[in-house]
Amino acid sequence: MDLNLNRADYLQVGVTSQKTMKLLPASRYRATQKVVVGDHDGVVMCFGMKKGEAVTVFKTLPGQKIARLELGGVLNTPQEKIFIAAGSEIRGFTKRGKQFLSFETNLTESIKAMHISGSDLFLSASYIYNHYCDCKDQHYYLSGDKINDVICLPVERVLREVPVLACQDRVLRVLQGSDVMYEIEVPGPPTVLALHNGNGGDSGEDLLFGTSDGKLGLIQITTSKAIHKWEIRNEKKRGGILCIDSFDIVGDGVKDLLVGRDDGMVEVYSFDNANEPVLRFDQTLSESVTSIQGGCVGKDGYDEIVVSTYSGWVTGLTTEPIHKESGPGEELKINQEMQNKISSLRSELEHLQYKVLQEREKYQQSSQSSKAKSAVPSFSVNDKFTLNKDDASYSLILEVQTAIDNVLIQSDVPIDLLDVDKNSAVVSFSSCDSESNDNFLLATYRCQANTTRLELKIRSIEGQYGTLQAYVTPRIQPKTCQVRQYLIKPLSLHQRTHFIDHDRPMNTLTLTGQFSFAELHSWVVFCLPEVPEKPPAGECVTFYFQNTFLDTQLESTYRKGEGVFKSDNISTISILKDVLSKEATKRKINLNILYEINEVSVKHTLKLIHPKLEYQLLLAKKVQLIDALKELQVHEGNTNFLIPEYRCILEEADHLQEEYKKQPAHLERLYGMITDLFIDKFKFKGTNVKTKVPLLLEILDGYDQNALIAFFDAA
């Protein structure tokens, strides 16, 4: 059956964080449920729907920003007590709004994630996990990387406490008390965890995870190991996953999987006979989906998916049909209920217009008085700057609680802006004088009306590092702007990985000197993305990285007074040597630098570049032929006379041109990498070969892999 869902916007609260909206349990089967939501103003609001109107059950006073909202209660009873996390405090409310708990955890950081099971409370701040029972401290764990979410398998089913942490370093950590029982590697940084079917599935051990790069998976957490059940790879390049729920929206007796993403996509997956997920429904909202729940809110008997969005909209996607069938012979007319709704909306609109006029006059008076402070309106910006493994580019996502007017992008390092299909903004470039003011890029994105979310893609050059700045101006009066800064790191295209191939030919850089473990860690953080800001526990640490563009790898092992870096790409070692020695000089630390260069690694790197270079050269040649072939086709009237290769080029012309357009400077980028490799190889030998670069470029123009390798060997 097809799934048809109709959108209904219920109300808007303040800006919301991930997992801050829940539906209270229904009093009877398929009866309407109350919705409870917490926002950044610190307000907890509970409402229900009556005759198409949102009716408030209770609303708390403003306070600290609410980071999480969960339901709890005695195990095996309806979970209708409301718990919120704000700052380092947990507060509890009854379904009527009476506060019964105020628990100050005394955590030094704000609470980021929370899970409740009976009298057990599982909390995590950025790096710290705490388990409380009846508000008494039980267990504690300090994570090596940021914790994004926390959950516990259902104690009433598995008969033991099994907390699971979703950590930024692409690992789920399964705990026992204060210790890690085992770790599970997942294909991306996990952002959200949920129990399969809401209860852990058949075994009670099934756990769903969603990642920041849009992957979704199911894992069984047994006592000794993890069993991977299935995984969805995000082939459609959709946004990161922020929320997951299980609910039978299709009505076939099997719970479906509801997924909300940060690009506004809502998805419903059903399960086939082999228990594999199949996409049944998707719909895009204009902003990121922070919470998702299945239930019944608008009308008795009609199931729906209820979501909350970043700017605070609570919206339903309901099975209730919009157009009700009229009886035979009845004229179509607007019923009394609809007329009442229209008149109440009109009066609400008039009231809002009056309030706006009042506030505008008040603002004018306060800004003109002699004691006036700068009355700049504040607005909230949600941003995300992440490296995509698939195309070695960075995604910059900017989301504002109100409509965006324009975004100015400025960079003091050379970067390429890539096309984004979802982006409807008009971009214009300004000329830059990079020599006098360090401006390599100035671009303005002018957004269409009601655009609250903008996605940009950039590609950086390794070895060139600095800052990318985004000046965000919303459509509010008086005009105001927020600046966001993003570091482009020296090895910006490297991504953390769990394994590397130790059989590759490696070049080694060894640093020794009077520096602490924390100092060297701060240099590694400066050079490489996805490294936790805090030094890991222990005296020594090893991180593995993979270059997303070339698939070369890097191993970094360091302790107090010594750092060892190994890579199969000489250029990576060269960049590290230059940057680390510069950082040490700034701090007046004397470094002893040793390096071992493996000649075989140069040929190995050239072989890794070869398929990419060959593909780009072939693509460029095909695109150059398209116009001439089209002219021949018009002249001859058909393409029968062409050889199959040329016919294929004509058939794929649009796709080829689109791909070529999406890869600006791709060929130049590969030429640059080969040139750097050539210069770096001889730099370590103490030879300057910059005068031979024009000859190298000539060889690249008439590219032949063997000729290129011979040139590297002979130079």
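Cβ atoms are placed via backbone N, Cα and C, with glycine included.
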Annotated stretch (coiled coil, per TrEMBL) among the listed ranges 335-362, 363-390, 559-586: 335-362
CB contact flag for the domain 'BBS7 beta-propeller' (21-319) and the domain 'BBS7 platform' (494-595), at least three pairs under 8 A: yes
Chain residues in Cβ proximity to the coiled coil (335-362) (below 8 Å; excluding those fewer than six residues from its ends, i.e. six or more beyond): 51-53
For the domain 'BBS7 GAE' (377-486), residues assigned helix / strand / coil by DSSP: 4 helix, 60 strand, 46 coil
Secondary structure tally of the domain 'BBS7 helical hairpin' (599-712) (DSSP, helix then strand then coil): 93 helix, 0 strand, 21 coil
For the domain 'BBS7 platform' (494-595), residues assigned helix / strand / coil by DSSP: 28 helix, 37 strand, 37 coil
